[in-house]
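Feature annotation from Swiss-Prot assigns S-adenosyl-L-methionine binding site to Gly49, Trp51, Asp69, Asp90, Asp113; the stated evidence is sequence analysis. Positions annotated as active site, proton acceptor by Swiss-Prot, on the basis of sequence analysis: Lys153.
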Amino acid sequence: MRKINDYYAKKAKKDNYPARSIYKLEEAQKKYDIISRGDSILDLGCFPGSWSIYASELAGPKGIVVGVDLQQAVGGGRADAAPIHWICEDIREPAMLEAVRRIRPSFRVLISDMAPKTTGNRWTDAQQSLNLCYQTLEIAEQVLLNKGNYICKVFQGGDFPDFVDAVKKRFESARVIKPQSSRIESREVFVLGLNYRKPQK
């Protein structure tokens, strides 16, 4: 287990990504084609930036990435990658959405590797994680384009099945995935929604 964790940490450093979490998104991307060239991507809870950087590479120079976090991320997209705009805001505050919309009003993909500060209480941690996930889903309903894609990290426990059902109701296809690069002992999984059913006005 430790060897696997060390492998991904070392690989991230070698590949010039801030954190090993990039390989969780990479694994999901290879299997489900979440992000395409030219896409607009909103990354909630983006710090330290691995997912945003990887998403910018997938989207290419005609795409755009907006990363939001309470902690200020730094750096930009790599050569031949989409520009990255960093926003230091709380996703629970209206000012965050206003700041995002000043850059771009809508997105084709919403991604989130966000996690709460853990307490050690499994039930409490799971519920706090779910609260954040529901917040990302609410934001998706406001900014995601029709047929857009969504992926969000969540800790299993508590009302987790209800959250999965909520995603299923909003997307044509939804599933729960556990990347190989996730720590074996971790309760984290990712809920994936493909092809958002945007309500018709």
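Cβ coordinates are placed from backbone N, Cα and C, and glycine is handled just like the others.
Known features from Swiss-Prot, placed on the structure.
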residue	record	Cβ contacts under 8 Å, 6 or more apart
Trp51	S-adenosyl-L-methionine binding site	Ser21, Ile22, Leu25, Asp43, Gly67, Ile111, Asp113
Asp69	S-adenosyl-L-methionine binding site	Leu44, Gly45, Cys46, Phe47, Trp86, Ile87, Cys88
Asp90	S-adenosyl-L-methionine binding site	Leu70, Met96
Lys153	active site, proton acceptor	Lys24, Ser112, Asp113, Met114, Ala115, Ser129, Cys133, Glu188, Val189, Phe190
### Message
Based on the record's binding annotation for S-adenosyl-L-methionine (Gly49, Trp51, Asp69, Asp90, Asp113), what whole-number value in Å is the widest Cα to Cα distance?
### Response
18
### Message
I'd like to know which of the binding-site residues Gly49, Asp113 has the most other Cβ atoms within 10 Å of its Cβ.
### Response
Gly49
#### Entry: Coarse DSSP state, helix versus strand versus coil, of Asp69 (S-adenosyl-L-methionine binding site)
strand
